[in-house]
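According to Swiss-Prot:
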| type | residues | note |
| --- | --- | --- |
| TOPO_DOM | 1-30 | topological domain 'Extracellular' |
| REGION | 3-11 | region 'Required for CHIPS binding' |
| MOD_RES | Tyr4 | sulfotyrosine |
| MOD_RES | Tyr7 | sulfotyrosine |
| REGION | 14-23 | region 'Involved in C5a binding' |
| TOPO_DOM | 58-62 | topological domain 'Cytoplasmic' |
| TOPO_DOM | 87-103 | topological domain 'Extracellular' |
| DISULFID | Cys102-Cys181 | disulfide bond |
| TOPO_DOM | 126-146 | topological domain 'Cytoplasmic' |
| TOPO_DOM | 168-193 | topological domain 'Extracellular' |
| TOPO_DOM | 220-235 | topological domain 'Cytoplasmic' |
| TOPO_DOM | 259-275 | topological domain 'Extracellular' |
| TOPO_DOM | 297-340 | topological domain 'Cytoplasmic' |
| MOD_RES | Ser307 | phosphoserine |
| MOD_RES | Ser310 | phosphoserine |
| MOD_RES | Ser320 | phosphoserine |
| MOD_RES | Ser325 | phosphoserine |
| MOD_RES | Ser327 | phosphoserine |
| MOD_RES | Ser331 | phosphoserine |
Amino acid sequence: TPDYGHYDDKDTLDANTPVDKTSNTLRVPDILALVIFAVVFLVGVLRNALVVWVTAFEAKRTINAIWFLNLAVADFLSCLALPILFTSIVQHHHWPFGGAACRILPSLILLNMYASILLLATISADRFLLVFNPIWCQNFRGAGLAWIACAVAWGLALLLTIPSFLYRVVREEYFPPKVLCGVDHGHDKRRERAVAIARLVLGFVWPLLTLTMCYTFLLLRTWSRRATRSTKTLKVVVAVVASFFIFWLPYQVTGMMMSFLEPSSPTFLLLKKLDSLCISFAYINCCINPIIYVVAGQGFQGRLRKSLPSLLRNVLTEESMVRESKSFTRSTVDTMAQKT
């Protein structure tokens with residue numbers, strides 16, 4: 001029986017797919033996925049719960065706190081859904097949660113995963129504007145605009161999730177007996193490919209380009225001013241962009257390939273076996289980015305001396321960036337005054 005119990009838009013129910021006689025044993029990719037899910041759940045739930053607590057109750061009501069609060073909420077909800085993924089894989093992709101849950105729960109997982117990606121791109125764009133257009137930021141950058149940007153990111157994530165909600169169904173198998181949850185596009189291959197292309201462009205290529213462009217220009221500006229040529233800035237830039245690319249690339253590439261393959265082809269079946277592992281890989285990115293900012297933004301001895309909540313408050317407050325923006329604004333105004 002084919003493994004259609006995963007939780008992404010790549011799942012396709014096709015009665016003509018050959019029977020997989022090894023479905024009664026967990027494959028190596030599934031075992032690796034279970035290990036990754038367990039680690040991400042334990043680390044991600046605790047870390048994101050702490051970030052939510054700090055940003056909501058302890059940190060100053062800064063714009064950075066708004067960004068990271070939304071990002072942590074998305075990551076936290078994604079991590080809470082991991083026991084569902086874990087249970088289904090352990091049961092050889094059997095779906096015991098019913099038809100309504102088949103539509104809602106996997107769609108919520110996708111919603112939160114895409115929201116995390118788009119919020120990360122929004123944070124990067126905000127930092128870009130803060131450095132390159134500080135006067136505009138002083139005049140217009142506020143909490144209200146930040147919440148609007150977050151709402152747009154959540155709304156776009158919702159649009160990316162709609163195909164999963166509309167076309168997800170359950171189907172009963174008999175050899176061996178199990179219930180499968182997957183996306184059924186029927187015989188309309190063009191619709192399936194359109195969904196895959198939209199997911200690739202809006203959920204991967206555009207956020208990746210945003211991250212790369214913003215951090216590249218920020219790095220060039222930092223070097224041109226000779227402000228901080230330490231490896232700290234470079235580590236943050238490389239780590240954020242590289243982690244995004246590494247963890248999401250397998251999920252997106254396999255999804256695109258499967259949308260153009262026949263379900264009965266050997267390549268499709270091979271990619272299906274790797275599906276759980278690709279999803280678990282993408283999940284790692286949902287809990288790693290704030291860790292990158294904390295670890296790369298503090299020296300090792302400083303991290304030892306400070307408590308984790310204190311480190312988070314340090315990262316989430318904007319005092320250093322605000323001082324830099326104000327300093328740059330004053331120098332710009334003074335230069336303009338001298339010219340006039």
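Glycine too: its Cβ is placed from the backbone N, Cα and C atoms.
Scoring each of the disulfide-bonded residues (Cys102, Cys181) by how many neighbouring Cβ atoms lie within 10 Å, the top position goes to Cys181. DSSP labels the residues of the topological domain 'Cytoplasmic' (126-146) in these numbers: 18 helix, 0 strand, 3 coil. DSSP assigns Cys181 (disulfide bond) to a strand segment in the three-state reduction.
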